[in-house]
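Here's the structure, in structure tokens; my notes come after.
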Amino acid sequence: MGKIKKKGTSGQAKNYITRTQAVRKLQISLPDFRRLCIFKGIYPREPRNKKKASKTSTPNTTFYYTKDIQYLLHEPLLRKFREQKAVAKKIARSLGRGEVGDAARLEKNHAPKLTLDHVIKERYPTFIDALRDLDDALSLLFLFANLPSTAHVPPKTIALCQRLCHEFQHYLITTNSLRKSFLSIKGIYYQATIQGQDILWLVPYRFVQRVNGDVDYRIMATFVDFYTTLLGFVNFRLYSSIGLRYPPKFDTRSDENGAELAAFTLEGRGVGDAPKAIEAGNTQATTSTNNKEVSKEIQAKVDNVIKSAGLDEAKEEPAAETTEESSETIDKFEPAAPEADTLPQPDLSGNEAGSLFAPFTFYISREAPRAPLEFILRAFGCKRIGWDAVLGDGAFTHDETDTRITHQIVDRPQLPESSLPAIPAASKDGSDAVQKVKPGTRIPGRTYVQPQWVWDCINEGRLVRPDLYAPGATLPPHLSPWVKPSRGGYDPKASLAEQEEEGEAELDEDSDEEMEEATSDKKAEAKADVGSESEDEDESVDGGMDVAGTDDDESESEDEEEDFDGFEEEAASESEDEEEAARTQHQKELEAEAAGLPFSSNGATSDGSKKKASQAKKIAAKKRKEEEELERQKMMMSRKKRKLLEKMIYSNKKQSEEAAKLRSKRRKLEKGAAK
């Protein structure tokens, strides 16, 4: 007979451990335990049965894997936490004795500093692993870079986050790795491709942030400590991969004047070259630039060698041209059949992204968001960006009347000239040397666009029409570049004629007309009811007492209460009505012919209604036929496949209904705009 197993020695009770037991086992405080778990990437787990996992009668709420806690026993950070606890006791003892100087000395010189380098190496064995986990790090660091300094968020933390974020942005600008961006309610989404990994992060808008007290900034500060170390490692590796020195030179005075990205100076090879991606595997660009620098003498010798060898130049040149074209352009994948799935197309390469805004000179007005526009324009090849001196240093020009400016980004409404302020007078000391332009004026030879034009251009991968984004114009919808239209769904970019079903527009018009007629009938009935009520009030006598009805009223009520005689009388009455309508229509046609006038009023409407009715019948018959065919096909299926098909049909029907609602809404908006 086997031994009876003791409770809590196997199963879930052995695999899981409560948080209280873990804190006792590690001999640290609960805040230090939280920090240690965040640094090491250990999170609470949910057992299948909490009663079995718990060794006590009450089911606990927080559980961890026992192996994870066993793994934490050998962590070097535990020693640092214990040293911090010992120093904190000494500082408290000194403050209790009134020795403030000793307490300050202990805090400054003897407080142990945590280093997370070994934690980063343990959690991310390869650089690709670090890139995959960079989304949350960038989102949190960009958030703290835009927060105001408070007691919970010190200025040093904000400055560190700003410096790391600007360094990462400089790498994206140098290598043209930024691919897409989207303006949302939460903030601005960015997507970059680094070594084949897509990185997506969120940057908040630069509004005045109100720090609430319900946010636990201690937990967030722990994540910031970890992510700053991670981003420092990543930036060093990225800068080293393209031959740049890290960290780059930082001008404090320029940063205080609002230069931001311009406060950094990159040093190393490849900084002054053309705006192309500088990567180890990108050897085609370097070979092409080296070939252009070959002297004429060497080229002549090569030509002589080719002629002496008897090679056909005519055959070699087109081959070279085709190889160059294939290396510069991106292949487009087309579906084999029109009903096949849409194939995902490749994104822009670094060279194409670096030349999108390269030939232009931009000027950012004061009301436009300078920081995101500068980052996007520089990441897509623009080298000359100017703005007003109020926005900070680092601009290509502060003169709005510069003739080299080709595009100006404006985000203000169109106002009449009478309401515009006058040009401010220049100062006497001559410090205001730059000429001021009257607000709202247009300088010839320049394209004025709204900020959305920049985002739509980079998402489309080409320059879109700037007249659609003129100042004061109604902007086209700003769509997410990551949401692709599915088959049968609503596509806001396509026209209604391309995506609506057969007869959908006519049916929608008929339903709208019926709704309008119903509302007009309701209004007429309401007016008639009001009139009848007023007549009843006038006819009421004897203080509202009931008056006996006459014999005529009784006979009318008896006639109304006659028995139902069946559908034959209704059919006969309908046929009589149709004959009467045809007779009256023929009579009107004869009268119009005798008067010499064209008969088109009632005839056209009746013909149109007949056509619509016949078309609706055809569509209904077609749908009925398709449903019958589908039912016959379902009869040949097994029960499992039939259930799966019904689920698919249900989901597709829901999607088509939502798409039809959106198309109907768009149809009404277009009609209203046309009127």
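Quick reminder: no glycine exception, Cβ is built from N, Cα and C everywhere.
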Listed range which Swiss-Prot flags as region 'Disordered', given the options 286-308, 309-331, 424-446: 309-331
Average model confidence [pLDDT] within the domain 'BRCT' (352-471): 85
Helix, strand and coil totals (DSSP H, G, I; E, B; other) for the compositional bias 'Basic residues' (611-623): 13 helix, 0 strand, 0 coil
Three-state composition of the compositional bias 'Basic and acidic residues' (581-591), taking helix and strand from DSSP: 11 helix, 0 strand, 0 coil
Structural state census, the compositional bias 'Basic and acidic residues' (624-634) (DSSP three-state): 11 helix, 0 strand, 0 coil
